[in-house]
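Features as listed in TrEMBL:
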TRANSMEM  6-24  transmembrane segment
TRANSMEM  36-69  transmembrane segment
REGION    112-139  region 'Disordered'
COMPBIAS  126-135  compositional bias 'Basic and acidic residues'
TRANSMEM  148-168  transmembrane segment
TRANSMEM  180-198  transmembrane segment
DOMAIN    211-297  domain 'Wax synthase'
TRANSMEM  259-280  transmembrane segment
TRANSMEM  292-309  transmembrane segment
TRANSMEM  321-341  transmembrane segment
Amino acid sequence: MEGEIYNAFKVCITALMSLCYCYIVGRIIPKGTQRLLAILPVVALFLYLPLNLCAVNLSGQIGFMLSWLGNSKLLLFAFGKGPLSSDPPIFLPCFLAIACFPIKIQQNPLQESPQRTHSTKNHTHPPQEGHHKENPLPQNTENIRHKAILFLNYPTKALLFVMLLHLYNYGDHFHPNLMSLLYCCHIYLALEVTLASIQAAARAGLGMELEPQFREPYLSSSLQDFWGKRWNLMVTNILRLTVYEPVHNAASAVVGRKWAALLAVMAAFLASGLMHELIFFYMGRMKPTWEVMWFFVIHGACLVVEVVVKRKCGTKWRLPRALTGLMTVTFVMVTASWLFFPQLLRDGVDKKALEEYAAAGAFIKDISRAVMSRIL
């Protein structure tokens, strides 16, 4: 355990030093090909760093934050785009935090709600009884209310995640379908709790409001709603900037804007599939089976069909939201059980991850006991 922590520390220091170099490059080299050539060695280094870790959870998280998101942000930065680029340039600590972590600074913190417990088509709250447009609720009141919801929401999900880990002790007695449900809950809770913890630390350090990473994906009414507005929104934003918009702009002149949008959607899902295969390789160090790639290809194709059907049918033939929500969540869970989880289960990555949770818990308990014994 101590050796892996030391390796993680070396990886973090290397990443920070590399990003300081990129920050200096951005100040002295203009955007374009020259800046790209100066940054490419760091991109290659970030692809290599997760290989220095053996722990499943650490290698997966470092691969996600540096090899995928960090590299995407640096490539955008090379051309003066993305969250790392601004005029005037952002200060160094903010540059490091945005480059390292899956965070996005909230542009209008008093107007944007950090998390929705329910939403309409455009994700705005309907007028409440007694409050009309002429006399809206004060923005500060709304902001405080949503912060209170977050204060209760994330600890609840953290508690559910801990309870879920204990349920795995009885996994041999559970039906395979129930285990698939638990794995789906595990992925969601682990991601949201981890990203929320990172976001809380970054918010405290930067003193800025940050965009939420999830918007209650289990309330999705369609695949478009799930992938575009509710699930892992930092990835959605990065894919939009790095894949969707370039493909859309290039294809618009050939096939028109309407069909270019559909091609761009498929390209974004293909890119997401490739990056997930890379992260799975970091976690298991096994030859890719491309099942995860097919998971995203199928979802991309189904989302394209969904968009086309909506265009053809308009609002006249819309199914009830409760029904479409159930269909969406069921489809995501079934396809995940079919294509997303098998590679992790076959390689024993799930068991290694659970062992690491147990080891981390024991390590924290030992440190706590040592500290308490010295205090008392």
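Any Cβ shown, glycine's included, is placed from N, Cα and C.
Note: TrEMBL annotation is automatic and uncurated.
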Over the span of the domain 'Wax synthase' (211-297), how high is the average pLDDT in this prediction?
93
With DSSP helix as H/G/I and strand as E/B, how many residues of the domain 'Wax synthase' (211-297) fall in helix, strand and coil?
69 helix, 0 strand, 18 coil
Residue list, the transmembrane segment (6-24) vs rest of chain: Cβ under 8 Å, 6 or more residues beyond ends.
39, 42, 45-46, 49-50, 52-55, 58, 62, 66, 70, 74, 77, 92, 95-96, 99-100
